[in-house]
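Here is what TrEMBL says about this protein:
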- Cys253: active site (ACT_SITE)
- His332: active site (ACT_SITE)
- His416: active site (ACT_SITE)
- His420: active site (ACT_SITE)
- His449: active site (ACT_SITE)
- Asn453: active site (ACT_SITE)
- 109-397: domain 'FAE' (DOMAIN)
- 415-495: domain 'Beta-ketoacyl-[acyl-carrier-protein] synthase III C-terminal' (DOMAIN)
- 50-71: transmembrane segment (TRANSMEM)
- 92-111: transmembrane segment (TRANSMEM)
Amino acid sequence: AMDGGADAQVNTAHGGVPGGGGAVGVQIQHTRRLPDFLQSVNLKYVKLGYHYLISHLLTLCLVPVMIVILIEASQMNPDDIRQLWLHLQYNLVSVIICSAVLVFGSTVYIMTRPRPVYLVDYACYRPPDTLKAPFHRFMEHSRLTGDFDESSLGFQRKILERSGLGEETYAPEAMHYIPPRPSMAAAREEAEQVMYGALDNLFANTSVKPKDIGILVVNCSLFNPTPSLSAMIVNKYKLRGNIRSFNLGGMGCSAGVIAVDLAKDLLQVHRNTYAVVVSTENITQNWYFGNKKSMLIPNCLFRVGGAAVLLSNKSADRRRAKYMLVHVVRTHRGADDKAFRCVYQEQDDAGKTGVSLSKDLMAIAGGALKTNITTLGPLVLPISEQLLFFATLLVKKFFNSNVKPYIPDFRLAFDHFCIHAGGRAVIDELEKNLQLLPIHVEASRMTLHRFGNTSSSSIWYELAYTEAKGRMRKGHRVWQIAFGSGFKCNSAVWKALRNMKPSRNGPWEDCIDKYPVKIVT
């Protein structure tokens, strides 16, 4: 979950990094910026996207056939029906064969059709004001701990000033003491406050009873106690004994999408049930108290936050659900040694634990992102954009290698973008490379400013921002995209089922009118 911190350090030393703090360093080398997607596109990932598309070919073929049959049937008069009946009486074999084909086709369609997954509602945790960590208090506490030398203090000050974070983000309670108290008990208390706070709000807004939950997926990267976080939730809410519970650890800031994907797969198997996904990160025991600059970034960027999401495969829930899950595309570059080690938790020379970063992090993140959107493109883009993209790709591969691939306009596929608020650099670079407008990345920038990098839950704070602004309309498509250690890049696509109003006790409820704010660079 320290992807954002890792990214910011590389940005400090080498240039912009996804999930980092923007241009926080003294020297910025453009060679370390996010790679230009125009330079290369791998054809095998385009094929993978079309493979996903063709996997639903049966549905695409059967639907037009059924429509034609219904149209023809609607145009028949009583004489036509009588003639058809007489014909069928003398062609029993044909009737049996047609009936068998119809039954077989219907059965195959019903058995292979994926069940729709609905997002009934979600809730983001809003910490109390007593946990706010304005810059001056953060720096004063860092100085008073006595663990940081002057060089490290100055380094952290520069990061804070240029990170894109505001003055109202939240630090865990243990970090507000002098000296800090990062104990196991304090870490458990932070986890309980965040998870239970989000879940209490979710159950209150949806009127769903905890006993009705059939699937529970919790993701937290760096705090995995025994019993697990998912077991803590089962115990707190007295969930039923046959619940399918899962606890995902060590999967970084993109684990929220992974958790949704796991819940989606489980909802395809287990009928008529609810799934709850809880995404959070725990900071208390993962604060770095050393002077290695590559490990100081998470202290400055990561803040307290979490989200709880209620998913359902019940057809009756479509009427009250907010969204329907359309696609999930996951990209994992862990087979490559450089990608695997680019964000790596270890101890420094003094034995203090932190996250070490690779100078190749930016290029690796760009490659993962390029792979992910190349695979996603055939699933979501209009046919006109796909033809232009595919034609230029073929020309480049077989005729003229100097031709730049056509980068599709993803604004034609999505109405809203929720880019993981890991840091200002990745938001800047995605805005540039995908040719987005400032309003498309506003939710990401404002979430980073108001709540900081809340790891895997940041994409839900961004979605809540869009709803609070009153911009979500029925039929709109939302693209959530997140990066994580490993190295991973994951996307989720949602379709709004109605005009959206923010849920009660939302994270932006008392401050949305203040935003957007101008962020000083």
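Even glycines carry a Cβ here, placed using N, Cα and C.
The distance from the Cα of His416 (active site) to the Cα of Cys253 (active site) comes to 20 Å. Looking at Cys253 (active site) and His420 (active site), their Cα atoms lie 8 Å from each other. Per DSSP, the secondary structure of the domain 'Beta-ketoacyl-[acyl-carrier-protein] synthase III C-terminal' (415-495) breaks down as 37 helix, 21 strand, 23 coil. Most Cβ neighbours within 10 Å, among the active-site residues His332, His420: His420 holds that distinction in the structure as shown. In this structure the alpha carbons, written CA, of His449 (active site) and His420 (active site) are 13 Å apart.
Spacing of His332 (active site) relative to His420 (active site) is 17 Å (Cα to Cα, whole number). Geometry remark: His420 (active site) versus Asn453 (active site), CA distance 8 Å.
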